Amino acid sequence: MPFIVAFLFAYIAWLALTAGSKGLLWSTEELVAGLIFAATIGYATRDIVGEDSTRFLNPVKWLLGIVYAPVLFWGMVKANFDVAYRVITGRIRPGIVRVPVDLENDAQYTIMSNSITLTPGTLTIDACPDEKALYVHWINIPEGLESPGSSEPVAGPFEKWARRLGR
Amino acid sequence: MGLIVRTIARTTIPLIGIFGAYIVSHGHLTPGGGFQGGATIAGAGILFLIAFGLGEMKKHYSKSLYSALEGIGGLAFLGVAMLGIGTAFFYNTLWHSGPVLNGKPGTLLSAGFLPIMNLAVGLKVFTGLVSALAAIALWRRWKE
């Protein structure tokens, strides 16, 4: 039922947009109008969100996402300081590396690639699911890691998280 | 486009759609209105066209449906403008003595015929822009 996924997603976005129409809550007319508009959007986009999107209705996944947020934020803080260090000192060794990953579906590839791109110093250029690899531009390739055997030196714990979140 | 763009488009198209609907339906309360919200929703359609390509767009886009919806948008605008024709064209009779849409100013169901007009303009702009971009994308070749 991809309609339900698109509908719920749109309705939650509507509630976030119209919060505060009655004190801190929602007035009845906003709630009803939101139902109508979210149902329209959900019906129109039910083919776009895709048949297998229903797995994201699982509340365990939302909890995992909340737990993942500080992990990603801490990775971003560390990597930003690392890039600031490289800007000041100029010690860079840039290049594009092929990172083999063990992921199965589109959502996992997307979470993984976006996490890599959000942590400065690494930038995903292409995701190739058919050869199970990402191409990543790396600002400072350590000696001997020109073709890494796993994603651990490039992305830290992100592959494990992406596999868990997008399953 | 690539896999990442397509996956992100799957999640953002409903989000852009509901945000555009919010802009259209709150045109009498917040900045925005029919044209702005309609152009926002048309942005979702164009994102679909670019992310998934012309082949998918051909499957989901129906020329007669979009053409009809654009006409309905224009007719709805004209229809509510004619409601108060007993007094004057564009006379906001829904606000002065109408059964609906005459709530307290600042609430959603206020301002007379303005929300209906915003919805009509939003529908017209959305279908018109998407149709125009689909027609441009369907243009056969660069040169003869």
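Each Cβ is built from the backbone N, Cα and C atoms, and glycine gets one as well.
Marked as domain 'Na+/H+ antiporter MnhB subunit-related protein' by TrEMBL: B:4-130.
The transmembrane segment annotation in TrEMBL covers B:12-29 (among others).
Here TrEMBL flags B:35-54 (among others) as transmembrane segment.
What TrEMBL lists as transmembrane segment is B:66-91 (among others).
As annotated by TrEMBL, transmembrane segment applies to B:111-139 (among others). Residues 20-21, 24-25, 27-28, 33-35, 37-39, 41-42, 45-46, 49, 54, 57-58, 61, 63, 66-67, 69-70, 72-74, 76-77, 80-81, 83, 92-96, 98, 101-102, 105 of the same chain lie 6 or more positions beyond the ends of the transmembrane segment (B:111-139) yet place their CB under 8 Å from a CB of it.
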Annotated stretches the transmembrane segment (B:35-54) and the transmembrane segment (B:66-91) touching (3 or more Cβ pairs under 8 Å): no
Distant-in-sequence neighbours of the transmembrane segment (B:12-29), which means Cβ under 8 A and at least six residues beyond its ends: 36-38, 40-41, 43-44, 47-48, 106, 108, 110-111, 114-115, 118-119, 121-122, 126
